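S.K.: My questions will all concern the structure given below.
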Amino acid sequence: MSYARTTCFSGYCWGLDESQVIVLGAPLEETTSYRPGTRFAPRAIREASAYIEYWSLRGKLDVDEHVRFYDAGDALVEQPLEKALEAIGDAVERLSGVGKPLVVMGGEHTITLGIVEGLVRAGYKPCMVQLDAHMDMRSEYAGRRVSHATFARLVVSEVGVPVVLAGVRGFVREELEFARANHVPVIDAHRLQDESVAAVIPAVSKLIEKSVCNHLHLTLDMDVVDPGFAPGVSNPEPEGITPRILLDIVFEVARLAVLRGMSLSMDVVEVSPPYDAGGVTSVLAAKAIVEFAAGVVAARSSAR
Ligand SMILES: [Mn+2]
């Protein structure tokens with residue numbers, strides 16, 4: 001146990017039975033339109049995760065003392081795209097069935113469509129919280145109906161998952177109109193910066209109360225964070241949130257889901273290591289997974 005093993009999240013290769021949180025890689029890179037490299041993100045996040053500290057300021061606890069991560073490795077992402085999404089969904093169906101919080105490291109944002117389909121196949125009724133600079137609700141993009149810029153529309157309209165969207169600032173009219181027509185609460189980036197986590201939790205609570213979901217999925221597009229803090233993403237967009245706000249939301253959403261007796265999962269997508277000056281975006285992605293686990297631990301210990 002003296003050496004970090006960067007092939008497993010956290011630096012330790014724990015077994016499934018002894019674990020409290022499950023991690024899966026999904027290095028899909030198929031519809032990327034601007035800056036490539038998301039296929040390298042799972043290994044970059046694993047490497048960062050082996051060297052950061054696991055103390056949570058929010059939970060006032062050491063995640064290392066409470067959580068052993070089981071790293072399932074990477075889902076096979078073969079061509080064509082449909083086959084890759086099915087493989088990701090199959091892995092999620094199997095791993096979410098274990099009944100422990102699950103984290104998926106992308107890959108491009110399209111993986112989230114495969115993830116929610118896998119959750120539904122596992123018998124869950126998911127609600128989704130999307131933190132993103134973009135809405136990803138176009139009807140098609142660059143000639144594709146299924147892509148990183150359209151996946152959220154399909155999650156809403158085809159999988160039927162209720163969504164709360166926060167941090168957005170880069171979108172087109174078609175997407176805004178779709179969100180409005182489908183009653184998707186939208187908390188834009190300015191409001192999120194002004195009101196922080198207090199803008200998100202009431203919207204998530206309301207979503208949980210008025211929907212029939214029993215599972216919460218948090219999809220975290222790292223481009224929701226300001227490019228000054230997270231430069232290593234495929235589609236950087238100015239005026240993003242700070243790491244403090246991001247981690248507050250991740251912690252509180254995880255805590256809320258557990259307190260409400262829901263199962264939960266998260267994905268962290270769109271990190272592009274070749275554009276990640278100093279590797280800081282991967283470090284923040286790893287830290288977000290640690291705070292997610294901290295939120296789970298905090299809820300469980302307060303429920304005791
Ligand atoms: Mn996105």
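The backbone N, Cα and C atoms fix where each Cβ goes, and this holds for glycine too.
What TrEMBL says about a protein is an automatic prediction, not a curated fact.
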S.K.: With ASP132, HIS134, ASP136, ASP221, ASP223 listed by TrEMBL as Mn(2+)-binding, which of these, HIS109, HIS190, is given for the same site?
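M.R.: Checking HIS109, HIS190 against TrEMBL: the Mn(2+) site match is HIS109.
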S.K.: Once HIS109, ASP132, HIS134, ASP136, ASP221, ASP223 are set aside, which residues in the chain still have Cβ within 8 Å of the Cβ centroid of the Mn(2+) site?
M.R.: GLN130, ALA133, MET135, HIS148, ALA152, VAL224, ASN235, VAL269, GLU270
S.K.: Determine the Cβ neighbour count for HIS109 (Mn(2+) binding site): the number of other Cβ atoms within 10 Å of its Cβ.
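M.R.: Result for HIS109 (Mn(2+) binding site): 31 neighbouring Cβ atoms inside 10 Å.
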S.K.: Give me the count of other Cβ atoms within 10 A of the Cβ belonging to ASP223 (Mn(2+) binding site).
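M.R.: The Cβ of ASP223 (Mn(2+) binding site) has 28 Cβ neighbours within 10 Å.
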